[in-house]
Structure formats: structure tokens, C-alpha cells
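Pulled from TrEMBL:
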type     : residues : note
ACT_SITE : Lys132   : active site, charge relay system
ACT_SITE : Ser207   : active site, charge relay system
ACT_SITE : Ser231   : active site, acyl-ester intermediate
COMPBIAS : 43-59    : compositional bias 'Low complexity'
DOMAIN   : 77-529   : domain 'Amidase'
REGION   : 40-62    : region 'Disordered'
Amino acid sequence: MEHHHEKLNLSVGNMRMLSTLQTPRSLSRLSLIPSNTFTSRASLTHQSPTTTTTPPQSQILSNRHSLLSRHVTAADLARSYLTRLRQSEPHLRSFLHLPDDDAVLAQAAHLDGKISAGDELGPLAGVFVAVKDNICTIDMPSTAGSRILEGYRPPFDATAVKRVKELGGIVVGKTNLDEFGMGSTTEGSAFQVTANPWDVSRVPGGSSGGSAAAVSARQCVVSLGSDTGGSVRQPASFCGVVGLKPTYGRVSRFGLMAYASSLDAIGCFGSSVADTGILLSAIAGHDRFDATSSKQDVPNFLSHFVSASSLESKPLKGLRVGLIRETIGDGVDAGVISAIRAAALHLEELGCSVNEVSLPSFSLGLPAYYVLAVSESSSNLSRYDGIRYGGQVYADELDSLYGGSRSKGFGSEVKMRILMGTYALSAGYYDAYYKRAQQVRTIIRNSFKEALNQNDILISPAAPSAAYKIGEKKNDPLAMYAGDIMTVNVNLAGLPALVLPCGFVEGGSAGLPVGLQMIGAAFDEGQLLRVGHIFEQTLENCRFVPPIVTDDIAD
């Protein structure tokens, strides 16, 4: 594991390079007040690279600076996060499990002891990390949002969680999700519905809605989610945070409860691109427990973050950006298209050449994805039978025990996907569905390859709309599935993608955030983080801090 410390070397040089990101700030909640300017779509279309509002800072680096300079103790820092978490949680319900405050404060006190003794600190020392509840944690329940795993405690940590802990991170709780990751709103959880911090009558997105809401409401610093067809990127867009789906194989899936093994990826959320990149650095790299994890070297992502004050006037000069034409047409809200076009204009002002590119196979991705994902889930979820895993319903016959345990334990969406997947894999239909979907997958992979030969990155919306009302699409699965159109192709092709907030549409008391998706070539997360960081640091008149945080201050 030593190589992780090398990758994440928060040396003096790195800290200095990021000095504008980690200027010591008051750690009171007042430091989270956004600027008073509400950003209309119109104001986003006239931007220059000179920043007038404070760009997002790296919470990880500013907190680290405050700890090392003894401005604040880890215990004080922990108490301030726990206070905010406890105040906002009844309104949001981001978490399925929270440890006792005492357990968290004991870890913080241990860290204070290390600081006093002058010991070396891991790069995530004292960082509050929330973990999606389909990622295994040895010391907390891991239910995947399903009744069938209610109360289940794994005997091990997922590799990503293990790495977070080894580098000093404090796991603050397990976040809510659509059952087994199957859904786009987090309404599919068997336990509770999570609300969007920008407007508690709206969904946070899904399936990693709890992880996105927790970062958005500043209940934690960063969080882990999983992304099978957009489950990190769409909630990042809905909640106004940064979400990163790494290249397939960049992060170990060991300890992630499998939904569709050829599509699943553990991803990262943060309130800034830098924090998201630091978390990726911590969890990336080969793992002998996951045969699909890549042996590709993990670069030092921190080297991609240049401080805003040292940017040239055209810091992205020469970068070729392709705006995917099929993602800004019919079926996409006008406000979302305006925000994405404004973001494209901003990229041009930073020196990029932006051209529309056509991916004719783009619309084929959605049906192919749903055939492949449900087929793999029907196989993966067969382990929850009341014998190997899951709650057991007593029966006289073994078949009845299987049937009873599964019918009682699974929710309706999971049952529907298992049935569809089993059907698609059945003898008479395999060629018509599963085989054809795999052929479409190859076409999509090739069309991305071609587009990324002509462009350095591709951009699109992360979702066709901003967050919608709780209950609005619950009884219309096809409408909900259609919302995944922007994201599923990236999973089919195994590529990395970064979503970061780029503007607002009308809705709620303070507007609703819109996310810009940037797609890169395989294992080119560094490029996405560099471009995303410069974009975020130069975006004017935008503070993506939800009302629940500012209302909390006003109380």
C-alpha cells in the first residue's frame, strides 16, 4: 500500500501550488455563505476568465492546513461537521447508518494526538468521508438499500474503504441509495426517501442520491458512490456537486455489491474538483482481490491543479472539445441546453476550440444498457437466496425457502429487473437481446474512440433535466430510464467522466443546479480533472451552496 502515499503526496510544494485553494478560512458555518448573486442563464453567457466570486476551495486542503497550523483541532472540526449533519439529517435523510458521535470523536482525538507528537499524517487525515451503502464496511451495516440485507454486517472492508481508512479518512456513515443501485431517484430504497438539499420536495438523483446530498449539504467533505449507468454523475448534477466516474478498472470493485459487473465502477463526490481528485488518488490502483482492476500507473492527480491566480489568460489554449449534438436536442429541457451552451462558451473563452460532434449510435445506448445491466443483475443477485446471503423465510421445501426469501426481501424494481434479465438470457431470446446488445456496445465503444481521436474531451449535459419532484416519475419506469440517456454510453464504453456544476435553471427557492459532463479517453482522468478544475476556478457568479446550508446559518 505504500504506493498510495507516494501518489497522494501532499508535500509543501503541492500545498503551495494550491495555495489559493487552501487559504485558511474560518471553519464556522459562516464560511459557507454563498454570494448573493443568483445566477440566471443569461448571466452565464457573458463570462470572462477573470473571477469575481470566490471559486470553490479544496475543503481537504484547507482543513489540513488548519490542522497542521494548529488553527483548529481535529476534534473541533469533527464536532462542527457532526453538528451540521445532525441538524440537516432530519430534513434530508441522506444516511442509512450513522455511528455514535463518540466513535467519530475518538478517531478525531487520536488524530490530534498524532499532530501533537509530530507524526506524519495521511493525505486524508481527519477528512469526513461518507460511503454508499452498497460498499462494504466492516464496522457498519451494509444493506444496499434492500430489506434482504437488513442488518447485514460484512466481515471485511471494501478495498476503496480500506484505502480511505489507511490514509487517515474518517468514515462518517453509510448513505442511502436505490435498492442495489437500481434507480435514478433514491426513491427505490427499501428504508427511506432522501431529499435534495436545493429543494427538499425534489429528488437528489440516484442511485447514489445519499452520497451526493451529503456532500451538497456539507454533511461530509467527500463521499464514495457507485456508477453503473450514471449513478454518480446524475445525482452530482441534481445536487450541484462534482462527481467522477473513473475508467473501468481504475478503482477496485472488491467489496462493492455487484449489480452489473461489466459496467459497475466506484466513483467520487466532492464540493470541488480538487477534493474529488484527491479522493480518487486515494482509492485508485491495482488490487489483487479484483481481477478486473488495472495495473496502469496512477498519476499524481494533484499536479493537474494549478492555482487560479497563476492561470494564463487562455489556460486551455489548443484543447479540442466536442459537444455531443445528440445530447442537446429533443427531450432535453431548454434551460439545461442554455446552461450547457453557456459552459461551452466559457470553455472557448478559456482557449478551447469547441465543435459539435455527432455520435449517431448515441440513442442506441439506452436499450442496449438496459438489456445488459438487467441480464447481469439477474445473475449477480441470485446469491441473495436466504441461504448464502440475505434474510431467510422459513419454509418446508427448499424451493419455497428460496422463493419466499426473495419475494419478501426484494423490492418491486429489483424484481422487475431480475425478471427482465432472466428473460433476456433465456434460450430462445439470448441472440435477439443479449447478443445484439453486446454488438451495439461494440459500436458505441468504437464511435467514442473515433470522436476522442478528433477531440481531447467530449461534453454533454449529465441529465436531460434538473432535479424533479419526489414521486413525479415513481410510477413511470420508462420515463425514469430515459433520464439515463446522457450517462449510460460512458459505462458501455468503460470511459472516465467528470460532472461539475455549470449553471442553474429556475426552480426551488434558489434555482436548481445543472451539471456539465466531460468525457475523456480511457485512463485520462488527469486531463478531465485539469480541465474541470480550471473551468470551476474561472466560472463567474456561481456559488453552488444549497439553501439548506445557508438557512442553517441564518437560524
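Quick reminder: no glycine exception, Cβ is built from N, Cα and C everywhere.
In the shown protein chains, 33 other C-beta atoms lie within 10 A of the C-beta of Lys132 (active site, charge relay system).
The residue listed as 'active site, acyl-ester intermediate': 36 other CB atoms within 10 A of its CB, across all protein chains. Lys132 (active site, charge relay system) sits 11 Å from Ser231 (active site, acyl-ester intermediate), taking the Cα positions as reference. All protein chains included, Ser207 (active site, charge relay system) registers 34 other Cβ atoms within 10 Å of its own Cβ. Taking CA atoms as the reference points, Ser207 (active site, charge relay system) and Ser231 (active site, acyl-ester intermediate) are 5 Å apart. Restricting the average to the domain 'Amidase' (77-529) gives a pLDDT of 95.
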